[in-house]
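**Student:** Before I ask anything, let me first share the structure, which is written out below as structure tokens.
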4 protein chains.
Amino acid sequence: MLTIAGQTFSNRLLTGTGKFKDHKEMKEAIEQSGSEIVTVALRRVDLRGNDQYILNDIPEGVQLMPNTSGARTAEEAVRIARLSRASGMGNWVKIEVISDQTYLLPDNEETIKATRILVEEGFVVLPYMSPDLMAAKRMEEAGASAVMPLGSPIGSNRGIRMKEMISIIMEQIDVPIIVDAGIGKPSEASEAMEMGADAVLVNTAIATAASPVDMAKAFDLAVKAGRIAYESGLGATSKSANASSPLTGFLTT
Amino acid sequence: MLTIAGQTFSNRLLTGTGKFKDHKEMKEAIEQSGSEIVTVALRRVDLRGNDQYILNDIPEGVQLMPNTSGARTAEEAVRIARLSRASGMGNWVKIEVISDQTYLLPDNEETIKATRILVEEGFVVLPYMSPDLMAAKRMEEAGASAVMPLGSPIGSNRGIRMKEMISIIMEQIDVPIIVDAGIGKPSEASEAMEMGADAVLVNTAIATAASPVDMAKAFDLAVKAGRIAYESGLGATSKSANASSPLTGFLTT
Amino acid sequence: MLTIAGQTFSNRLLTGTGKFKDHKEMKEAIEQSGSEIVTVALRRVDLRGNDQYILNDIPEGVQLMPNTSGARTAEEAVRIARLSRASGMGNWVKIEVISDQTYLLPDNEETIKATRILVEEGFVVLPYMSPDLMAAKRMEEAGASAVMPLGSPIGSNRGIRMKEMISIIMEQIDVPIIVDAGIGKPSEASEAMEMGADAVLVNTAIATAASPVDMAKAFDLAVKAGRIAYESGLGATSKSANASSPLTGFLTT
Amino acid sequence: MLTIAGQTFSNRLLTGTGKFKDHKEMKEAIEQSGSEIVTVALRRVDLRGNDQYILNDIPEGVQLMPNTSGARTAEEAVRIARLSRASGMGNWVKIEVISDQTYLLPDNEETIKATRILVEEGFVVLPYMSPDLMAAKRMEEAGASAVMPLGSPIGSNRGIRMKEMISIIMEQIDVPIIVDAGIGKPSEASEAMEMGADAVLVNTAIATAASPVDMAKAFDLAVKAGRIAYESGLGATSKSANASSPLTGFLTT
């Protein structure tokens, strides 16, 4: 079971709500994914709650994790988080502070600042981050409930390119690690789990697939496969071969 | 559905029977894997059918694929195949011809010869091979029902190291491609399926896991995930980022 | 020509002075490397200048770049830099601030602070950093004369594992990029240069080779090869083949 | 020194003559590359030896290695080799037998046949091959003076994608290994040499560079760097860091 801020979850695939064709497709994809935690950009939420109110189409029982996308500074992220809570969307927040407009890479320094403030204010804080050990340590010290290092730039579908640093973070940090951004294929989600990730967050790879609903299912299976493998103890690799069948002398002995 | 020699199968994970602690563990692992095709070294079969008769512990309804492990030449492989059929083990055969004792790499030339002979004799022939396009073409021309290129040396758990050539074979060959040998992790099985493999065969990675039965389940899920992804149309990768959430001006507009 | 802080250099391989068997070997290796910039840990310098004075054995005309290794905070780095300048070792300083004792990963936040202070005080500042775009931008804004992202942990000889982020930094930052730490083979130094690095710093891979003096020469050649390739315009890669010789119909037309 | 068929060579970069803009550029590039062995497609040779006679523009003292490009069978390769020798081009021959027109992959079986015949007839035979251990063993047994496994498809500039099998061939075969085809960057040539290749052959990456003459020089340096590194004993890699400078307690002790 995955435990974040005292809550337990049995599914380790988190999904996003962006880029789907419509709410119907989004809802079906989330259902197929088995996700128990879903992120939504507050900007996308019509705070007057009209017909197009996105929250109507998030399956019941799912933990909402509003994100601060659009924030370029700690201050802006803090304001968005407060607005989110005031709007009745709960006290979870995924901090995204981004000023780089080409690669959409998070600003760790501002993210750490926002984490400190929002933890103080009682939020459950999950910072999205550029993989760096010392920044992850500061977020953990500031009270983050998990850290969310990126695998590669958002929406690039390039997989876990920052593997070296993510592995080090997994080894050195105690709070859950959720690999977020860049995962483009189920095999990459499995790999993150085999490496020891506690969960992964996938959005673009599902929402932009030819069939998002089927792809959501594929990611669900892949995350489960990777987690079981991690828990079942992967075998050792070796340079040379090891026969799985007896190889010599069948006919001659 | 996977079709080999006119038979259809819904599961795309093939398993082997070597290296398990005992028959009970083997049987449970095969069941968890969902495999509908299982390979067994004829050498391991006690042809007198006594208590330790391995075939007693292969789940019912599973297609048996005896292999010729131990053969060092085409001639030896042919003799083993005939013995297998004469023993009532059916007409499927996975050809393994190996004389290299360090990396246990198959001998394509001898394998092609054995394929020609056994197809003539009415066998359903699935040759294990060193990934090479021209050899795969000759096996296909000889009437092989599938080709089984290795990902990396048997039992090495090193993954799909011969990706370049396997991808080319997938593109240029019409019979099913089953990636065999070297797959050490569920993520690697998913990846083979995403690349377009029709199936994968896994033995060592399951049998030598700390918990083989759980690992069999993990591979089943991973193969399904990879196949769905292949069929659902993976999204494109890009060098730069693509926002999944709206990113600018949330508070300022 | 490489230009750092207004000085020009024709060689793009920087070397370190640690881990050599003795000063003689170090001196010969530096000479063979062709390096015009050499880093030395101030701690290793006997400030009384006795017989073992390391600076006696650094070839003449080489730009000295004292580093702050041993510093765990910005404050400590600043004190070491001042001590270095006061000891007559010039005004260049490579900032290393490291508190993680397992992977020896630099602390970007403290490094940025030290950069700001030392640039103010007139130093030529080259910060060693964990690859992260926003941190590199802050170092550039603070007046760093170059940024030195690590390829992989110091002394690990694991190569350029942080390629994704280093490429982005190269594209988005104007000051020279010197890839530092982790480069274990000449091919990896070439690759860094082909990617667009302005220079690389190598220490462990040279000093711990069976023959450090020869290995220094190998890295010199590799860096030159990679730089020429970068400047000469690498050809495009393609998925399929492109004949370099005419392939069809030689005998039949 | 590289020894092939009793002849020694000090340079380990072989080049091809295809795809250059004109003979002048080809000649200068070969000179800059330092190559002592150069391959040329017999088809390209005007056997009447007129003004455009390519051999006029190959630097003196260079060992000519005519290739059989255009051959689709062993028989065609044998005829081209005989024609080459009869035309006064010497007794070296690089066998290329290719019938696959998409990836231009060599046909190992036909290549082995041609090797046997041409060795019998007194040629110095260097077969171009698809990397496969058993095929390399047969070529060696047939009397090949070297084997030339491809890194990736001809002209693709994709690098050494068949690393796994090429490493095994290097370990198990005694005649020189020349990595041929696919090498697109100097770093990849260095890497082949570090792995233990005896030489590399590069054509497309030089001839299609923006500046072929400079690129030829870059490959020369890279091959030298990789070879020195191989001979000088590369240091071990490690998962964690190893300080190259003293790291603790500088100011506090």
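Even glycines carry a Cβ here, placed using N, Cα and C.
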**Student:** Same 1-deoxy-D-xylulose 5-phosphate site as B:Ala181, B:Gly182, B:Asn203, B:Thr204 according to TrEMBL: which of B:Gly155, B:Gly226, B:Gly233?
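**Tutor:** Candidate listed by TrEMBL for the same site: B:Gly155.
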**Student:** Run a quick check on B:Gly155, B:Gly182, B:Asn203: which of these binding-site residues have any Cβ-Cβ distance to chain A under 8 Å?
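**Tutor:** Qualifying residues, whose Cβ lies under 8 Å from chain A: B:Gly155, B:Asn203.
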**Student:** Roughly how many angstrom lie between the C-alpha atoms of B:Lys94 (active site, schiff-base intermediate with DXP) and B:Ala181 (1-deoxy-D-xylulose 5-phosphate binding site)?
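**Tutor:** Spelling it out, the Cα of B:Lys94 (active site, schiff-base intermediate with DXP) and the Cα of B:Ala181 (1-deoxy-D-xylulose 5-phosphate binding site) are 13 Å apart.
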**Student:** Rounded to a whole angstrom, what is the largest C-alpha distance between any two of the residues B:Gly155, B:Ala181, B:Gly182, B:Asn203, B:Thr204 that the record assigns to 1-deoxy-D-xylulose 5-phosphate?
**Tutor:** 9
**Student:** On the three-state reduction of DSSP, what should I expect for B:Gly182 (1-deoxy-D-xylulose 5-phosphate binding site)?
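**Tutor:** For B:Gly182 (1-deoxy-D-xylulose 5-phosphate binding site) - judged by DSSP and reduced to three states - the answer is coil.
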**Student:** Across all the protein chains here, work out how many other Cβ atoms are within 10 Å of the Cβ of B:Gly155 (1-deoxy-D-xylulose 5-phosphate binding site).
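**Tutor:** Step by step: centre on the Cβ of B:Gly155 (1-deoxy-D-xylulose 5-phosphate binding site), count other Cβ atoms within 10 Å, giving 26.
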**Student:** Please work out the number of neighbouring Cβ atoms within 10 Å of the Cβ of B:Ala181 (1-deoxy-D-xylulose 5-phosphate binding site), leaving out its own Cβ.
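**Tutor:** B:Ala181 (1-deoxy-D-xylulose 5-phosphate binding site) is surrounded by 31 other Cβ atoms within 10 Å.
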**Student:** Same chain only, sequence gap of 6 or more: which residues have a CB within under 8 Å of the CB of B:Gly182 (1-deoxy-D-xylulose 5-phosphate binding site)?
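**Tutor:** B:Gly182 (1-deoxy-D-xylulose 5-phosphate binding site) has long-range Cβ partners B:Leu150, B:Gly151, B:Ser152, B:Pro153, B:Ile154, B:Ser156, B:Asn157, B:Arg158, B:Gly159, B:Ile160, B:Arg161.
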